[in-house]
Each structure stands twice: as C-alpha cells, then as structure tokens.
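As given in TrEMBL:
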type: DOMAIN; residues: 2-83; note: domain 'J'
type: REPEAT; residues: 251-284; note: repeat 'TPR'
type: REPEAT; residues: 432-465; note: repeat 'TPR'
type: COILED; residues: 543-597; note: coiled coil
type: REPEAT; residues: 966-999; note: repeat 'TPR'
C-alpha cells in the first residue's frame, strides 16, 4: 500500500512500528521547508494508524459462524480475488446459497452484503446491476436510505446501476498476486488531482501507479494527456502510439494524435486524424474544435464555422467554442468587407447568402436584410431567402412578417419537386427546421402553446434533435412545467450525455420543485466531470443552505477560494449563507461593503453587480434595515436595465408607497420586456386590488388567465370574485379548476367557502375536510391560517359540537388566535356545560395575559353569570369593573335593561355610542338604546335611534351583501319594532330567517332573528308567543343572553 511506501516500511498493524517510522521520516521532513512532503507524510501516518485499528476480516470470519457469517466469508473470498470479483458467474454462485434463496434470510443477506460494500466498494457496475436484479435495490431504495448512509447508497448503488465504472475493470489484464485494491485507490487519487488541474502532481502519481505492475490502458491515455498538457509532445506521441491498437477507440488515440500533431504544426497529418475521429463520431467536440482551428488558419472560415454549428446543434456549450464562433463570424464579415473595399464584390449567390446569414448572426440586421434583399428570388434561391427573411424579421421583432416568410418557406418545400430539393442543403429543405423557426417566432411573440405545437412537429420528424429539445425545455421552464422539463432533460442526456445545458436546466427545475436532494446529486455529478463549473457550485451551495448544512456550504466556498475565484463573489455567496444563519447584520454589512466598493471603483470586481443589488434588496425588504429599496433597485438597473427581479422590486416598492401609477407603468414595462412573465398583469391586478378597485383588478386577472400562463392565476380571479360576491363567476372558475386540477387543496378550500356563502353547510364541510386532508399531505401548498377555524364554524352550523370544538382547538394551536378559545367556550355554554366553559375562559384569559380583575375578565365573568341565569351575580361583577371599554358598557346596559334599571342603562349605552362614534358600527347600540327609551316611555327618542339604524342599512344593491343578509334584515326588523311598524318588522325578520345564514355565522339557525321575533311579541304583549320563541331558542342555545334577559324580564326565572 502506498501509505507504507511513504513511511518506508512494509504494511503492518503494529502501531509502535508505524509511529517509529513516522518519527524517523519526520526528522528529514521540515514542514516549513517541505510543506507538501510533510502533509503527505502526515496523511500517510494517519491512514496507517486507521488501518492498524481496523478489525481483521479473518478474525471476524472466525468469530461469526452464523449462516449469514459463513456466507459473508464466501463473499469476502470472491471480492478479495480480483478476477472472481469481475466474474458475474462467481457472484451468481454466491446467490444460489440458501441464505439468499430463503425468503426469511434474503433481506439479512442483502443488508450484510451492503454493509460489507460500505468498506469494500471497488465493484464493476455489471456486478452492481446483477445484484440489483436479484436483491431489487432500486425497488427498495427508500428502505435502503433509512438503513444505510445516503452518500453510500447514492455513490455506490445508485451510480453503480446508472453509470459504468471508471476505469473499466474489463480492460485490466488481470494477474494473480497484484494489489488491485491499492492500485484503484491511488488511481482515483491521481484522477482527482487531474480534475483539479494539478498536472504536475498527476504526473507523479501516474509514475507511482506503474510500480504496481498492473496494466490498464487508461493509465497510458492519462499519461499521454498529461504530457500533452505539459507540452512534452514527443513523449506524449510515443506513449499514445505504442498503445495496443485494440484500445485505440477506448483511449481516443486518433484524437490525441491529431491534437499532438496540430500543436507541432503538422496540420495536414493532424487533419487526417481529426477526420477519422469525426467519421466515427461526427459531433466529437475536441475533434471539431481542432479541425475548425486549422480551417480558420487556412482561411476556410465557412467550413470552420460549419464544424462549430454541428457542435451547437448537439447542444454543447463551451466558452472556447463560443469565442471561436464569434471570431469566425467576424472573419467572414471582414473578408467580405475587404473584398468589397477592393472592388472584388462579385460573389456567387450561395456565398452572398452565407454572408447575409453571418450579418444576421452577429445582429447586424440591416446589412443582412439589404444583402438578402439584393438577391433575386428564383428556383435556386427561394428556400434560402425565405428562411433568412423569416429569421431576420424575427430578430427585428416583426413577428407577423417572420411568420409570413416561414409559411412561404414551408409552402416552397411542400410544392418543390424532388429534383429541386436535391439542389439545397438539408438546413434549407428540411421541414423540421421550418417548424423550429415557427416555434421560435411564436415563443418570442409570447404564444408558448403555439410554439410547443410547432416544436412537437419538429420532434415528430427528428425526435432526438437536441437543439429542438433544448428549446422545448426553455419554453416548458418558462411555463413552470418543471416535471415536463425533467423528462425532456433526461431524454437529452440519454441522447448526448455531454449536453451541459440539459444538466443545468435539470438542476434548476429540481430546485424549483424543491426536489433538493436530486438537484444536489446533479450538481455533484457535474462537478465530478467539471470541478470548476461555477453554476453547479452556486446551486450546490444554495441547496446546502436550504437544508441547513451550513458547514458544508462553507467548505464549498472555501474550496472555491482556494481556486482563486474572485473574492468579492465569494463574499457575496457567504452573505447568502449568513442570511440563512439569521446573521442579518453581518450579511447586510457584507452586501453594503461590496456595493460601496463597486460604486467607488466601478471596476467590474463583481461578475453580476445587478444580482448584488437584487439580493441586498431581498435582505432588507420589509425590514427596518437602512436602505432605500427604490433607489437601490434603480442603481442595480443601471447595470442591467431589464433585470426582471430589480424591476419587480421597483414595482412592488412603488405600490407600497401608493405611487400606483408609477408602479403600474413599471409592471407594464416588465410585460413589454418579458411577455411570458408570470406576474405583471397579476401585479397590476394587485395594484387595483389594493385600492379596492375590484372590477379593474378582475380585468387584469382575466388578462393573465387569457395567457394560459399559470393555473394559479385562476385562484387570483376566484379571490376577487369572492370580494365582489360574483358567486356565479366564482363557481364557474371553481368548476373549471376542478376539471384541470387533481386534489388541489386550495380548490377544495374555495369550494368550502363558496358553499358556506350559499348556506350549504353540508357541502361546505365536505370540501373543507378534503382541503384539510390534501393540505396535510401536500409539500407544495400550505393551508390558509383560518382553515381549521372555518371548519369549526361549519361544524357548529351543522350542530357537530364535538367536531367544532376539535377544529377550533386545532386552529388555536396553529395560530395562537385566542378568539378560537372563545368559540370553544361558546360551544360548551350553549349546551349548559358551564364548568367546562369556565375552564376554557380561564385558558383564554391566560392566553391574553389578562388578570381576573381586568375589565375584559370581569365582563366575561359577568356574561357567564348571565348565561348561568345568575343576574344578581352578573350585576355585582359589572359594578366592580374599573375603566370599562365601550363593549363592556354595552353588555352592562343590556343587563340593566333586562333587570329594570332603565335610566342607568341608557346612560351607559349612550356613553358607549359616543365612544364608538366614527370608530365602529353603532347599529346594535342604537337598537339597545331604542329599546331602553321605549321602556322609559320616550318614543320620540326611541324612534330617532331606530331611524338611524334604517339610514345606515340601505336595502339597495344587496347583491354585494349576500354574505350577511340575515344581519341586515334583522337590523331593519329590530328598527321597525321600535317604530311600531310590526308588519314591516315581521317581514324583515322572516327574511332574516329564510335567507342564507351569514358567512361567519356559527349557528344551526339564525338565533338572533328568533330573539327579534320574541322581542316583537313582547312589545305586542303576547307572552305565550314570547315563551314559544324562547323555548325554540333554548333548544338551540341555552346560553343566549338576549333570550335569557327577556326570559328574566317576563318572570320565567328569578
């Protein structure tokens, strides 16, 4: 093993011998003079000590004589023999053992095997897949994650099934007696150093690998690549030339030879090797790039660019390729302009079209248009010109013209003879490119559904075209169809695993779906192949922060710092971590310092300054932190005037400042820039909504829905229709959503609200229960803060007292809203359970931090005494109150009315009315005052109070008040009783009883209206009818204080 070679001793488990060897070596290794050797020596010592402390497998074998233990001994024997380890037949024989065949022991065998693999994991993928077929790892993956470390399951089992091992074990020339385990350990260390671009260290480790006497062609390939990177071209050539020809494709010998020859300036020979590679693999990036550079140097710009077009069509994205592409476009233009300047301006039509196309590519649209327009349209040029004009007009944003030429192009292909089509290269005559161009146009128009239709036509012809699939992905992502994006990404990766954009889009979609583990794994996969992929690091760090793995996130940032990534960018990422650590002051300070440096120096030290402003605003928004959000947004917008997030915050801040016109203009601008955005019409609707202009809000929510952008916009419209009490329209949207959504708890909740509105408590209950169940099972949506409370209310309406109490209690536990305790209290006292009621009342007062001597406590205890029919105790409690609130005065006035102290009652109610004037609805107090005045014989004053109620209760436009009709009718009925207009009073009270109950009513029946009927009969002097109404009330609610007061007044109890 290499660690013992470093220590200078043979492998041993004697700790004293290891320590002595370490001290001897340490005397010659000064950490200041030789820091790298010292670190290597220290690491070797630590690993040797760890090895010494490991339990011998042989000892374990001797101890474990169980059935599983004996089978595991055979497993170890197969694993320790590298030839047998790679032989499926050897593993097949192991699985024939009784412990694997017996249902009772098969799982134990599997778990023992996996425990062994946790320490012994150099396994061929073919073996992992074979074992998977037998043990069903994939089917039982959730169980495995519960029993074993996730990192082990991911890296060894999942990746072993998914990917082939590297290096391929089948290419080993296996010889007995060699240490393949140690070789692989050192091979992976070498490969890690290579990925870190530590080329010198990689070379040293390759030399160490040779000492094992083990041959694998990948070692030769890697050494040739390393020597090439070190510019030791002749040595690289010798190695790659001497590899056995049977390994040529495996080690990419032809590609390496081409690269070496090109670097030596032997371009003709290099071209032949590159062409050999491209004949076998037309989209090989490095071969295309190498041949492209040679063509470029030879002045064959169009041919060079065509090679890059092949790469781009396969979905590859590399900065070097993009740079080359830009250079070639400029080379073509420079060559053309030089020839025009020299008067050599006679070009073949094909060449002229190529030049026009180049101007189009570099966004010089006028030149592209003029050159294309100068070419005569005929049988030999029409398809090329139509294609070019379609794309020029697209970039000019003249979409109708672009579609016109796209259709002309399409018709030209459909009507062309086979002979004519043979004269055009594929990109001009292929119908799939027509559909793709139309999809592109529709996408830019904001008509994503039409774009997808055209794209799907392209994909029907070429289902594996990566360019088409990439565009489909972008549209699906814009539509927030993240699950669909994942499917397309997987297809792209299956077609071409080198398409980086697919991995990026997959990570973004997984992140948006909050599939954080899967997104994290994808980041790691990318970083394994490309350790410097900043995008993957950013998302990996974000995910680590999301799952609160802060230390790991910090380690990732540290690794980036060690790679000399721009410090200010790392500070910025660190500030994001501080946000999640709730160290807001530190995060804010970092943002502030970066902004200060940026504004002072303005030297581009930050890659994306607009993002700095965006995240800083995100940090301070809706807080008391110093910072003018609007000013900061404007500063950020100087760097990127179209930055969607900054424009969004600008619009939001203007809305908050009630600068509604400016806010609306900002969101309208966003709409122009990003016609497919998911919120501009919605935010304009919100602006109107904030101003209570619900009709205008509805108009914009309708616009948003017309885009078919997001199903959530329907919920916005549902909310506004609820505000407007447009119950018919509300119901239509709910029915539509019901057809298009499955088990969406928001939908069920709105159905529950709707049915409660129309007083169908049974249906309301059914939907609220469905909503609650689906909210509880949903990771996507959280229930509204009032769901359980509304469920309690509906249960109370249905007379389901125990369920009502249960849901009120749940709502209280979720929200800490003490009013739920009062609702629970009411449920107990309605049935006369005053002891339980008093217990809940004590809990309420404790929750409200009210002492028993507080005004509220005294008032509630007084009302409890009334509910217990102890009027004397209630009077005494009220009399002890200090500084009563207006509501307390109202309750005491009503008690005095019932007990005959009318003058004092009137004094208190008029005080309450005065104190609540301009603050609250006084109609109930006017009714009480009117009744007291009647008892005092002051009809004029009583009538004045009644008329005030009528003035404040108009009966026009009742459509806007359908949620509280009984409440309105009852007030009118009570007022007309005082006025002595009994028929009219009866008419309104009857309407109160027959209308749908008020939305927030928790009664089985409108008891307040029955109380009004009882009072009507009392005024008329029909005591028998009064008693009949009171009997009805007390069957529903034994604690109704108005009914108790009237009962006391007519002498039903003392």
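Every residue, even glycine, has its Cβ placed from backbone N, Cα and C.
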Write out how many residues of the repeat 'TPR' (432-465) are helix, how many strand and how many coil, based on DSSP.
28 helix, 0 strand, 6 coil
Which value does the mean pLDDT take for the repeat 'TPR' (251-284) in this predicted structure?
92
Secondary structure composition of the repeat 'TPR' (251-284) [DSSP: H/G/I, E/B, coil]:
25 helix, 0 strand, 9 coil
Would you mind splitting the repeat 'TPR' (966-999) into helix, strand and coil residue counts from DSSP?
27 helix, 0 strand, 7 coil
